[in-house]
């Protein structure tokens, strides 16, 4: 039985840190490419990114890594490792297995197909021509099925795909949780749509100078508690948050002159992501655990701040005057109540990224049901458009007139990202669960938001969510917070209560 | 006799490209650290830079590199290589030799001493206390002498140090050229200082809002021909230009509210560096040749644009109105002639970085003479302050009152950068030689500057200087441009003519 081998543990951690340092460099290269990098430099930039990425891949799948994992995963030794090292070993092993099980030639073919299909998708979407996209999508689905075969799966092939984005969450859970959510939302959406009481929204779309919007964004970030000494705000077409490490977490936003909501709520959303990354334990730096634990938990943090704080009525009781101060006269004759109703308008949309919090999850559930059917083989790619349109009508009450605004609208499938979509809805579900647990321990939650006293909320999130990084898997985190499993009820209650009130449903 | 081995050449170039890709990532990391990176991230950032730098060092001194160099430097094979590969081999070999000849332990000690001394220097300068700095400086000098022993030298030990910054330029040349320059400048400076005709300068120091200075800087960059699609302008405390590759060359500037000259001429200076890097042949990307050929030639390009264009009377005939447009009323009652005289004021200064083009080279020559004496052993570190003060009085006519404004003013020696200073003066000398050659082929030079038609000037510089990168060494480049060697006469003529005119010397 091997004793604790401190030198081996140190060497392994050093080896892993090198990979993580490369990843930090890659994160900066990505941030720069998406913010202010000069256009002409992009071709060279791609080569630099490719070189470093190849090195990360090579190290992650190297003989050296295999040896470390072989030794450290031996049961008796494994038990002597620190928790951080143990979970680092698990992460590295998972990554290793994923990467070495696919034959190199096949993977190369797949990568080539990905990039070809992404380009093809743009054109197909533009032309609303699914037939043009179909053969490539069929190949991508076939590849994914074959990869699932290499990786293996338990119970359902889709579980293996989920594992990439939401480790420890399975089809059995999603089926149950999504069905419950779907069945509650469909009638609620219908009643909201048919309500006679609808918001007036014209005042939202007046001109709000970009410079002023920027000042407002910075002011709000300051109030929420984004740490500017560990981050910065820039402007991009597609806003994002990126954590290079917990001490350097950058966000971007987009300013739309005639719709201030884009920058304001977008900034709060990215700030939610950033607060997560800024508050991961410093102890995890230099390990793959220094990251959000899943796409869904990450999204829950951005949605928590955007929806449960930024669209909270108390938030606007406090900040409506601030908004008026930065804007011109556009809100001078708008009551707080009318303003609040307007920014919480719910209206069925064909397009996922334009949809509101009430319908958003239905868009996701449609995609989940279709992806799962594709992977289990109960749906053919050629039948996707019809199935899509059917579900849209059934769940959201509107039907696309063409595939451009239907099945072709999202980029994800064009690069083979099956299993990704559920995380978006899980983000909402987790956020509502987190909010409920938090409000249980901080019963003055509404008052805190109303008084702009966000520190106790941030502290609670740091203690219960952020600090752990990947030390806890999503379901484990939810259980430690709520004492139970993944559950749609808090979200259903929140949406039902909020939209019944706003739309005066009886 | 080996035949041309195309595969070997390709493999070597691929290996070198990987190193260069890492260097591009390092350049971006450095740029970001010096511009907008969040403060709290700097500790982690240093570790990422250290990891990548260590990898570059490891690759540059690897067994693999040794094998490539061994094979490719074999005479018959070497002759079959392309010019770019051949010179890449030379560069890699030079780097390899430099790095492997110093025993690892000694080098580690040296690096530690460097960082300790830099910190110590700050304090010593602050307190004007040379005695505090002396023991460390003695150790650094001793290390450098020992390193010269490992590297070997021809004729003069200082030649080996020069080789780091100005390859192919030797003490014998510098002694002669610098002496000629010094002996011409000393009396000229004296006459200028004593002239009864002195400029009025008070109007230079009015408030010029930063935002307006920025707009002016951008306008001037546009006019000079800086390619914004291959670069960007940011703000930093210490301005610099950095070439990540020729398609991504960034510059920074500093805005001083009460002295617009800092940003304006600083921006033109950095633009000169940037034009060099933006115009290096694309063919050299991915090799160590894709860089300025020396510190001095690089400086010649920044000085050419700053001094020979930006301080040209014709430049202001054309742009004085533009300056007035961005500034408030500060120049409304100042004639062009008075303005021009003011921005070309020459006044002896104790501090190198505050000195003007007339006295600048004397500051450098003092440092060169002292460094050389230190390295050949004819001067002890303890005698530096006295020697410094003596030379300052003799050459520039003023004497420091303490070592803080004297021998301790520059950071260079604190990290052992002996051999670096000469490049600054060579920059002036080369610039004047380049200007003379250029004006020989473009006799309408003055008219081009006056009419703001910089394209022919840029083209000439690209053709004769920029495109080559490191394909030509400094002296070789000067010879190909002028037909002769490094020569102080063009600079002497330029300064004598200009300052005699400005200060009405008879």
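Just so you know, glycine gets a Cβ as well, placed from its N, Cα and C.
Curation does not apply to TrEMBL; its annotations are automatic.
The record from TrEMBL ties B:269, B:273 to Zn(2+), and of the options B:235, B:299, B:317 it ties B:299 to that site too. Cβ neighbours within 10 Å of residue B:273 (Zn(2+) binding site), excluding its own Cβ and spanning all shown chains: 24. When Cβ atoms from all protein chains are considered, those within 10 Å of residue B:299 (Zn(2+) binding site) total 24, not counting its own. Within its own chain, residue B:270 (active site, proton donor/acceptor) has B:239, B:240, B:241, B:251, B:252, B:253, B:302 as residues 6 or more apart in sequence whose C-beta sits under 8 angstroms from its own. The Zn(2+) site is defined by B:269, B:273, B:299, and by the 8 Å test on Cβ atoms against their centroid, the other residues of the chain that qualify are B:241, B:270, B:272, B:298, B:301, B:302, B:303, B:305, B:306, B:427. Counting Cβ atoms from all protein chains shown, residue B:269 (Zn(2+) binding site) has 23 others lying within 10 Å of its own Cβ.
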